[in-house]
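Engineer: TrEMBL lists LYS128 with the feature active site, proton donor. According to TrEMBL, the substrate binding site annotation covers LYS92, GLN113, LYS116, GLY167, SER380. Annotation source TrEMBL lists NAD(+) binding site at THR211, ASN243. The annotation site 'Important for catalysis' is assigned in TrEMBL to ASP168.
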Amino acid sequence: MLTDEYVKKVYAQVEKRDGDQPEFLQAVREVFESLQPVVEKHPEYEANGVLERLVEPERVVKFRVAWVDDSGKVQVNRGYRVQFNSAIGPYKGGLRFHPTVNEGVIKFLGFEQILKNSLTTLPMGGGKGGSDFDPKGKSDAEVMRFCQAFMTELSRHIGQFTDVPAGDINVGAREIGYLFGQYKRIRDEYSGVLTGKGLEFGGSLARTEATGYGLCYYTAEALRVLRNDSFEGKTVVISGSGNVAIFATEKAQALGAKVVTASDSNGYVYDPNGIQLDVVKDIKLGHRGRIKEYAERVPGAEYHEGCKGVWTVPCDIALPCATQNEIDGESAEALVKNGCKVVCEGANMPSTPEAIEVYQKNGLLYGPAKAANAGGVAVSGLEMSQNSYRLSWTFEETDAKLKSIMESIVANSLAAAKEYGEEGDLMAGANIAGFVKVADAMVAQGVL
Ligand code: GLU
């Protein structure tokens, strides 16, 4: 509930201006609910218009991306880059290529990114971008031409000291390679302008694994501190089968858990014997196939159409790693009913407000996305450092840094929650800890 007058006033303004952007409103509202005790204790935030400025992107770039498909036909997509907040560092955040992308979706992601990047302890501002381009069914050559057209415009707005994009849904190693190549060609400059690059051209070891591994490091640490427990012997439900889900499965298994599901936008597979990750990797990373194929290849595994059913599979821990709002109130009830005690988010904003209410009412350990999935952008920050030094660290060194960052996110979130009377609340803690650093920097730098 919004009760603080200042917070209410700013939220009403956002509703009025951006009422047609439901995902953005949802992200802002959740953060604002957590920030009420903070702005009450710190009148300087209101005096400096911090919330009003926080919800208004510094810059929104929206552009045409025209390209020619394999049959010679002209295609036109829409491109976006939202440069949301640069108080603590250059804009940083991924690019998403998906038919559902619009300005509101990119704004919600960019807004989340401000606080997420702040939580990593590294100097990165918040940004996000992408396009409504759908790479499904497109040839490599079409993806390349699209990426080149997209970067031709984007290149005017980014740079290693200005804005450093990376991947998100449907933007992985292949797309980053094409985007990097085009930037280099246009600018005649070899710099760390993108992260998630190939290892041959400035990428960081452990960046591919970082979001999924980081999610498990975060979950393991929260379990240890708040429940004196671990992944050992637990049954885990994971949604998705992309980069985040694959490496979350890998690390959860390494930590002694049994992962029993994987999904994509068509349906999910349930494997009571535990997911065979080499098969998922072969399907998804090997030939960009559908998850249905898993059940055709692995005896004992079942395939079910539709992705919501994955939340009815009994488990101890759920790690949503697919997309926004994939768990609604009803799915959250099903999780609780079937024994789930922990939900930590690998995707961005995968739980609706109703789902979060169900977690809270039932005392689940809930690790919100902006904290739990910060490992990806954290290693992106480490990639930027390595590019600046012009050297590369070993896998072990980078992975150890990632683990310690995820552990400090748990500690800093819990400390912030305690300071503002929300002891043990990882969501309030993440919102508060992420915000305070950005807000103090905004106050120090004057009205911009
Ligand atoms: N797209 C990822 C995220 O949601 C990573 C962003 C990055 O590495 O810049 O945090």
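Quick reminder: no glycine exception, Cβ is built from N, Cα and C everywhere.
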Engineer: For ASN243 (NAD(+) binding site), which DSSP three-state class applies?
Structural biologist: helix
Engineer: Indicate whether THR211 (NAD(+) binding site) is helix, strand or coil by DSSP.
Structural biologist: helix
Engineer: Report the same-chain neighbours of SER380 (substrate binding site): residues 6+ apart in sequence with Cβ closer than 8 Å to its Cβ, ordered by sequence.
Structural biologist: LYS92, MET124, VAL164, ALA166, THR195, GLY196, SER204, ARG207, ALA210
Engineer: Taking LYS92, GLN113, LYS116, GLY167, SER380 as the record's substrate-binding set, what's the max Cα pairwise distance in Å, rounded to a whole number?
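Structural biologist: Taking every pair of listed residues, the largest Cα separation comes to 15 Å.
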Engineer: Among the recorded positions LYS128, ASP168, THR211, report those whose Cα falls within 10 Å of that of LYS116 (substrate binding site); none is a fine answer.
Structural biologist: none
Engineer: Fill in the CA-CA distance, GLY167 (substrate binding site) to ASN243 (NAD(+) binding site), as an integer in Å.
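Structural biologist: The Cα atom of GLY167 (substrate binding site) is 10 Å away from the Cα atom of ASN243 (NAD(+) binding site).
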Engineer: Around THR211 (NAD(+) binding site), how many other CB atoms lie within 10 A of its CB?
Structural biologist: 30
Engineer: For substrate, what surrounds LYS92, GLN113, LYS116, GLY167, SER380 with a Cβ no more than 8 Å from their Cβ centroid?
Structural biologist: GLY93, GLY94, ASN117, MET124, GLY127, LYS128, ALA166, THR195, GLY376, VAL377
Engineer: How many Å separate the Cα atoms of ASN243 (NAD(+) binding site) and ASP168 (site 'Important for catalysis')?
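Structural biologist: That comes out at 9 Å between the alpha carbons.
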